[in-house]
Amino acid sequence: MAAIHVGPTAAVTVLAALLAVAMSVPWSTGIVVVLAVFLNQVSVGLSNDALDAPRDLQAGRWDKPIAQGVLPPGVAWSVAGGAALASVILSLLIHPLVGLWQGVFLLAGWVYNLGLKATLWSGVCYALGFGALPVLVGYASPSAEFPGWWVVFVAASLGLSAHFANVLPDLAVDREQGVRGLPQRIGRDGVPGALVGLTLASAVALLVGAGFESLPYTAPAAVIATGLSVVGALRSRMFQPGALPFRLSMAAALVMALALALGLVL
């Protein structure tokens, strides 16, 4: 289970479910959409660990089943490929554009794993992938249309925030191993501030895009998410990066995800 990155996979799957409910996707179609997104994330998680196994072994990452030898690489690659294929096929059964945007989401994750994670373009993969999520859900809805700009912007910002928060505890190890993605280039001193900036940007987009009627829900969510992000940034700057700043950033992202869903409904 650890090889599929349970936490991130669950978070993205829940976000897909929230968006499906908010966009009035019929329950039968919604189940297929959520399953397809889940398989997408399983594929990305397994391929990531399969590619990183030598590096994880060198770094002593005993929490990684493939690096431990518990999960054979061949099995991981087979499951990753099968999950990717199933994800796209299920999406195409709903609507061709759902399949197209699911493919964009999937491709962003795989391209990241295959090499862009170590380049300046690492953040683009996350922003593109997460930005594609509300688009594919939007085309699965009865109206089958592209969602509002602010929905895509908030989702893309959430993805980029997740990228920054996820690598924060491992910045030093990553740089030693030659992984020079966007957050590694910004460095420990810059990443916390970038997380706060991304949260603020997504909060402003949410407040403007969702409109006046949603302010009783979106405004408190924006304040809470920004507060969590600021506390996480301060904690990271004052102490060695660890699990707490990551969890606070993820909590901020969850609040924004809930607010995004409410903004669509109200």
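Quick reminder: no glycine exception, Cβ is built from N, Cα and C everywhere.
Note that TrEMBL annotation is computational and uncurated.
Keep in mind it's a predicted model, so treat the numbers as computed, not measured.
Record features (TrEMBL):
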- 12-39: transmembrane segment (TRANSMEM)
- 75-108: transmembrane segment (TRANSMEM)
- 120-141: transmembrane segment (TRANSMEM)
- 147-169: transmembrane segment (TRANSMEM)
- 190-211: transmembrane segment (TRANSMEM)
- 217-234: transmembrane segment (TRANSMEM)
- 246-265: transmembrane segment (TRANSMEM)
Looking only at residues six or more beyond either end of the transmembrane segment (12-39), which have a C-beta under 8 A from one in the stretch?
83-84, 86-88, 90-91, 93-94, 98, 102, 105, 130, 133-134, 136-138, 140-142, 147, 155, 158, 257-258, 260-262, 264-265
Residues of the same chain, at least six outside the transmembrane segment (246-265), with any C-beta under 8 angstroms of its C-beta?
7, 11, 14-15, 18-19, 21-23, 147, 150-151, 154-155, 157-158, 161-162, 164-166, 168-169, 195, 199, 202-203, 206, 209-211, 214, 217-218, 221-222, 224-226, 228-229, 231-232, 235
